[in-house]
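Annotation source TrEMBL lists Ca(2+) 1 binding site at Asp67, Val70, Gly72, Asp74, Ser76, Glu88. Marked as substrate binding site by TrEMBL: Pro163. The heme b binding site feature in TrEMBL is assigned to His193. Taken from TrEMBL, the feature disulfide bond covers Cys35-Cys115, Cys68-Cys73, Cys121-Cys314, Cys200-Cys225. The feature domain 'Plant heme peroxidase family profile' is assigned by TrEMBL to 25-318. For 1-24, the entry in TrEMBL reads signal peptide. What TrEMBL records for Arg62 is site 'Transition state stabilizer'.
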Amino acid sequence: MAFHSYGHSFSFSILFCMFAMVTSQLTSSCYESTCPQALSIIRSSVITAVAKEHRMGASLLRLHFHDCFVNGCDASVLLDDTSSFTGEKSAGANVNSLRGFEVIDDIKTKVEAVCPGVVSCADIVAVAARDSVVALGGPSWNVGLGRRDSTTASKDAATKDIPSPLMDLSALISAFANKGFNTKEMVALSGAHTTGLARCQLFRGRVYNETSIESNFATSLKSNCPSTGGDTNLSPLDVTTSVLFDNAYFKNLINQKGLLHSDQQLFSGGSTDSQVTAYSNDPSAFYADFASAMVKMGNLSPLTGKSGQIRTNCHKVN
């Protein structure tokens with residue numbers, strides 16, 4: 001009877017993955033029978049990486065965001081340049097700043113060892129982002145699985161589609177709307193800046209030229225971000241609890257302590273002020289909305305069925 005029951009479970013899981021292939025719908029149970037160890041391998045690897053370097057949690061979350069916003073969640077962001085295309089790693093939003101590739105590579109190697117050719121790099125990136133948020137104390141969500149990996153990448157698309165930290169509120173709203181997100185979802189996803197670091201060159205203009213910044217906060221930033229030089233010096237996006245995934249980011253914005261121009265734009269007398277205030281007062285509402293928006297982002301134009309491939313090496317097309 002136990003064997004018979006397992007047989008049903010096995011077939012249902014296979015059917016779920018086949019359903020994903022036919023309908024382009026992702027399903028969290030996709031690998032239950034084809035690679036049952038996959039999720040635990042990803043989780044343990046992420047926990048180890050984040051414990052070793054807390055910043056890695058933010059880096060893996062950002063990797064997923066920068067993947068999905070450019071032609072969908074297809075692991076195109078991982079591809080190295082080839083003779084036929086210039087990849088996304090050299091785009092302005094990614095060059096010398098996108099991190100976590102070695103963690104994804106390590107996970108891919110471990111997964112390939114137990115079930116070769118089954119789990120896509122795109123799915124690994126998506127699950128690693130969720131597990132990173134959880135490791136930093138944030139919410140969890142069900143990650144749909146069954147994505148396949150792209151066979152090309154586009155530096156131009158990355159340059160065009162990834163929102164800039166220099167954007168005003170109207171441009172942010174438009175950039176997210178172009179990917180199907182409403183303004184509330186944009187504010188929730190921006191809350192990812194409750195963890196991680198940013199380079200001086202991205203916030204120098206705000207620190208030295210803007211008035212919507214708390215004076216003591218600006219002074220403290222100037223010590224690590226001179227008016228010239230020090231471009232790569234790092235400061236926390238959330239000055240209060242930089243390694244925790246919480247709602248302090250929104251409290252900081254109310255106190256004019258947003259690090260990036262785009263951050264402070266969310267609380268600058270515009271249409272998003274009320275949402276920032278709501279999240280600053282209710283962490284559970286932020287967690288719920290962030291998780292929902294992450295599910296939606298993970299569903300951006302996935303390759304399914306016979307589209308794309310399951311890369312053996314995440315950096316190269318098979």
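From the backbone N, Cα and C atoms, a Cβ is placed for every residue, glycine too.
The model shown is predicted, which means the values in this text are computed figures rather than measured ones.
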Checklist entry - Given the disulfide-bonded residues Cys35, Cys121, Cys200, which one's Cα is the least distant from that of Gly72 (Ca(2+) 1 binding site)? => result Cys121
Checklist outcome for this item: With neighbours defined as other CB atoms within 10 A, the best-packed of the recorded positions Val70, Cys115, Cys200, Cys225, Cys314 is Val70
Item to check | Top Cα neighbour of Cys73 (disulfide bond) in the set of recorded positions Asp67, Glu88, Cys115, Cys121, Pro163 | outcome: Asp67
Checklist entry - How many other Cβ atoms are found within 10 Å of the Cβ atom of His193 (heme b binding site), counting all protein chains shown? => result 24
Checklist entry - How many other Cβ atoms sit within 10 Å of the Cβ of Cys73 (disulfide bond)? => result 29
Item to check | Fewest Cβ neighbours within 10 Å, where candidates are the disulfide-bonded residues Cys35, Cys68, Cys121 | outcome: Cys35
Checklist entry - When you put Cys314 (disulfide bond) at the centre and draw a 10 Å sphere around its Cα, which of the recorded positions Val70, Ser76, Pro163, Cys200 have their Cα inside it? => result Ser76
Next on the checklist: Take the mean position of the Cβ atoms of Asp67, Val70, Gly72, Asp74, Ser76, Glu88, the recorded Ca(2+) 1 site. Which other residues of that chain put their Cβ within 8 Å of it?
Outcome noted: His66, Cys68, Phe69, Asn71, Cys73, Ala75, Val77, Ser150, Ala153, Ala157, Ala158
Next on the checklist: Cα-Cα, whole number of Å: Ser76 (Ca(2+) 1 binding site) versus Arg62 (site 'Transition state stabilizer')?
Outcome noted: 14
Item to check | Cβ neighbours of Pro163 (substrate binding site) where a neighbour is any other Cβ within 10 Å | outcome: 20
Checklist entry - Near the Cβ of Arg62 (site 'Transition state stabilizer'), how many other Cβ atoms are there if near means within 10 Å? => result 22
Item to check | Nonlocal neighbours by CB distance (under 8 Å) for Asp67 (Ca(2+) 1 binding site), same chain, sequence gap 6 or more | outcome: Cys73, Asp74, Ala75, Ser76, Val77, Leu78, Ala122, Val125
Checklist entry - Between Pro163 (substrate binding site) and Arg62 (site 'Transition state stabilizer'), how far is it from one CA atom to the other, in Å? => result 12
